[in-house]
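Written out below as structure tokens is the structure these notes cover.
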Amino acid sequence: FYLQGSPEAAEEAEQGPEPSAGGAVRRGKRAAPAAAAPQPAKLSRAELYRPPTSEELTQLKETEDLFHSSLLRLQIEELLKEVTLKEKKKKKIDAFLHEINSLLSAIPETPETELTDQAWLSEGVKVPFLQVPFSVKGRFRFVPPAELKVVGSYLLGTCVRPEINVDIAVTMPREIFQDKDNLNQRYHRKRALYLSHIAQHLSKEKLFGSVKFAYMNSNHLKPILLLRPQGKDEKVVTVRLHACPTSDLFKPSRFYPSKNNVRTAWFMEQSTPKEGTTEPPTPHYNNSILCDTVMLSHLHFLSNAATDFPGMKDGVALLKVWLNQRQLSKGLGCFSGFLVSMLVAYLLMKRKIVKMMSGYQVLRSTLQFLATTDLSVTGISLAKDADPSLPVLDDFHQAFEVVFVDPSGLVNLCADMTASKYHQVQLEAKRSMEILDDRMVDGFQVLLMTPKPIGAEAACSKTSELFSCNWGDLLDETCSSSTPISQQLLLQKPHLSLCLMFLIFPQWPIDADPPKHKDVGPLTFGLLFVPEFAASTLEKGPQADHPEALEFRTFWGEKSELRRFQDGSICEAVVWEASTACQKRLIPEQIIRHLLKLHADIPESSICYTGALLESVIRTGKEAGGTGEEAMVSVVCSYDDLSRKLWNLKELPLMVTAVQGVHPALRYTDVFPPIPMKPIYSFHKRSKHFLLPSEEKPCPAYITPLKIICHMEGSGQWPQDKGAIKRIKAAFHLQLAELLRQQHQLVCRPAVTHTDVYKDGYVFRLQVAYHREPLILKEVVTPEGMLKYQDTEESRLLELETLHLPYLTSSLHGLQQQHPVFGSTSRLAKRWISAQLLSDSISEECVDLLVAFLFLHPAPFTPPSSPQVGFLRFLNLLATFDWKNNPLIVNLNTGLTGEQAVGRRNKFVASRSRLPVMFLATPKDQWSSMWTQERPSAQILQRLVLLASESLRALEEQLMDPLSDQDVKMVFRPPLDFYDVLIHLNPSQIPRLLESVDRPVKSVSRGVVKNSSAMNILFPVVDYDPVQLYLQELRNAFDDLALFFYDKHGGEVIAVLWKPLSFQPQPFKVSSMRGKKVTTLNNELVCIPNVEAILEDFEILGEGLVKSVEARTEKWTI
């Protein structure tokens, strides 16, 4: 019985439920401090300045060549310390293993019985094997193990925390086997009975906290026994018992991939085999038996590879962390830790890596090999001597999809893996190599510390267990890319890729029946697609007279039809019905439903597509059609036309040099884009040229003014006085209105600071800008009469409005052209922030930049391909980004180099205390974070982080279990019990009521009709929202006492939070009695807030708008 410290070390059957290493790093307990702090060593001058040794020079050179910085090297060393097993734990595990050893040797024998006679087992233990069909020949008796050996990662030293698995190979004695035990599951049933008898005896021992069964890597042919210690050490280790035969029990030639070991007549329960039928090969069955016979030889093989190679231990540990974070290391056909250890040994054998390499070099070399080698096309083998009697790689390729042959030349280590699963691993490896070579990305954080759940990466689809078909067949049919359905889907749509959630069977108690295939529940798979191709409504096939046309028709069924194209060709084609961008994003759902119905006979009611469940919250209007993308395109077209008209205006004293839109709709990120409106005159009061709201009627619909900056050319005629410039601009506003009316018949309404233009049913707000005005506003005359320039509040706001905002809008407009779902993602994010009543606490531009970051720096993911995935990543970014210690660098238009980004990070650390709590850096704004300077505050950011992490957790649960009745809008409904006072509003006076998350069933008329062709009309009511005006009054009057929160998109409640400091008694002063009352405390007159009067003021200020004020008196005390 070999324990830690033995010369043999290996990596076998490594994988179990190992949570992400990130969790280990966060949850790992710190080591106890030493008794005395170590004192710094005093070095002599000669030692301080001695030249570096050759080892130090090698290390420095390696850091320079391989790591982007010495920081990455230190991070990796620290991670390895965190995930490797501590010496103290090893001692506990060794003691536990010794006790298991003595218990296993003492289990009594049993008399020999027929395999089907299992009455000798106690009722408290069930056989962990699906015995179908039950009748089988053969006899069984239990004899204590011939040998016990620890195998696997524990000896190799590559266990990664937090869950440590120790594997023990329990060698079953030769005398319990008979001839032909290789046939018809006899070996597998004896193995299961052997483990059952062990479980029966060990379950009575007080040493164990739990004794359970599990399937090894979810393979139902491979049950194992899990033992955990009693008490507080239960989570320290899981010991896994693998029953295996002696290595020479069976003739290897019986298990070649082309041989049959499960007879059809037995399996189909026929009395006699049909004449003339040939038995099909059973390669997976054969491989499962061979795996057990070579466990100990794999032990020696990996032990030899790891000798004098410390880098292998570190490299394998890093690779396991990498696999765990991507959820690739668990389940049926996973890329287990054992497999990755064998791959490293293969690369060592082929001299792709050498024993001098460090762990990081091993990681890079292995990822490079995975990224460039397709084992589903060209398999690899660890067998050195080519024995002519052994099967060759081509034999393995015929039987298995992915081929990696072990040193014996008999076992395919990737037997359970499908080609699509391997391609998923390959895709991840390719991305990881790109990340490691990108200096803009923190490779360590992204590669090894960031979890990649399937829901954050792909649009998900589920097939439920409601249909009746063989589960294993379905799995092959839908997931294996060697079967026609998936292979052809990937051929027909090369921009689609499948990523399957590996099947994981749970552990089960020893007194329960083993889980059956149907117990797995729904099958979940993710779809990764390139949005511009996946959303195409036409799938063009081969020409009608080509031989491939028949194959195309067979694959697509009745959906395929002949069409003539503009080039004259007549081709097979499939057309999907979709008119809006929202419907086009759901074309993959139509494809999945159609193909699974056609080829697997799965009804549509059994398929649940979760790729677009959240989009209803940004739907415009009552019709279920689109989510506003088309409305935004219409706004941009109207704006472009107005821009041309402004550039070509005649009779202006100065030319218009640039027209720049700054409204969110012009960068596709307005939550609810404006809709063309024409006012109903009878609903309003009439003035000479424009309309006013009527007191008797509900509040008119909210019409948003679309702000546009008009830059006028420079001239010596512009005055140098800021007051005079404002008057000149007012004159330009009047002239623009007059010329647009005369030359283009547009209805205009000029004002001092802007001109409103009604065009195509939209209202554009033109604002004239002069490029030198911000500079003139910065002029300050000192008491000595000197003129100097310094930033003022006025100059900063003007620069923001006329320079930075137009640049941001044009940059994000460009980003939308590259990533069509950027706008919808940003709109979902803003809708969520507004729903949490925090839209006034964080600027729209800040949210747009946060979402832009997800598309410009998506590592370790690909850029989001649907708004829902983008929104989940937005919540994840808010919840997990280290705002305190890092700037968020959004590299718009790739304006920053890697060196500049590093410099920005270093400068940020040096001046952190003076910077905003949320720091966003862009190429044009590297040092000031202008969009977050004033908001959010530290408290609001803390609240946002908390809400984001809770919303993400709730949403992931709902999206991964869509068959439950949970409402995904739940995360858009804010918790109101957090607030002190709730002001309920009158719905008829809320102009944006139809934008609320839970829209009213009946809506009132708002005095407008949809119309984009109206020309000569009275000017409608613009930018009138009584709730916002009321909020402004509340903040002006009670800003020192309370904070006010509101959902601007149709919220019916204003939430009030008292400021704790304002409720501390203050000394009585006549000058500061606003909102206060006098009371006596300790015989002294003091002032405290007069809450009753303040609540009354809330109602008085909002007369007609406020329905009621609900004071939650239990929430505040005086």
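Using the three backbone atoms N, Cα and C, a Cβ is placed for every residue, glycine included.
As annotated by TrEMBL, compositional bias 'Low complexity' applies to 31-41.
Across the domain 'Nrap protein' (166-306), mean pLDDT in this model comes to 85. Annotation comment: TrEMBL describes 166-306 (among others) as domain 'Nrap protein'.
Sequence annotations record features per position, and here TrEMBL assigns domain 'Nrap protein' to 312-450 (among others).
Look at TrEMBL and you will find 507-600 (among others) tagged as domain 'Nrap protein'. When DSSP labels each residue, the domain 'Nrap protein' (507-600) comes out as 39 helix, 26 strand, 29 coil, counted as helix, strand and coil in that order.
What TrEMBL records for 615-817 (among others) is domain 'Nrap protein'.
Under the heading domain 'Nrap protein', TrEMBL lists 819-974 (among others).
Per TrEMBL, domain 'Nrap protein' is recorded for 976-1109 (among others).
Among the features that TrEMBL reports, region 'Disordered' is placed at 1-48.
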Segment proximity, the domain 'Nrap protein' (615-817) to the domain 'Nrap protein' (166-306), 3 or more C-beta pairs under 8 Å: no
Within the domain 'Nrap protein' (312-450), residues counted as helix, strand or coil by DSSP: 73 helix, 5 strand, 61 coil
Number of helical, extended and coil residues in the domain 'Nrap protein' (166-306), per DSSP: 59 helix, 29 strand, 53 coil
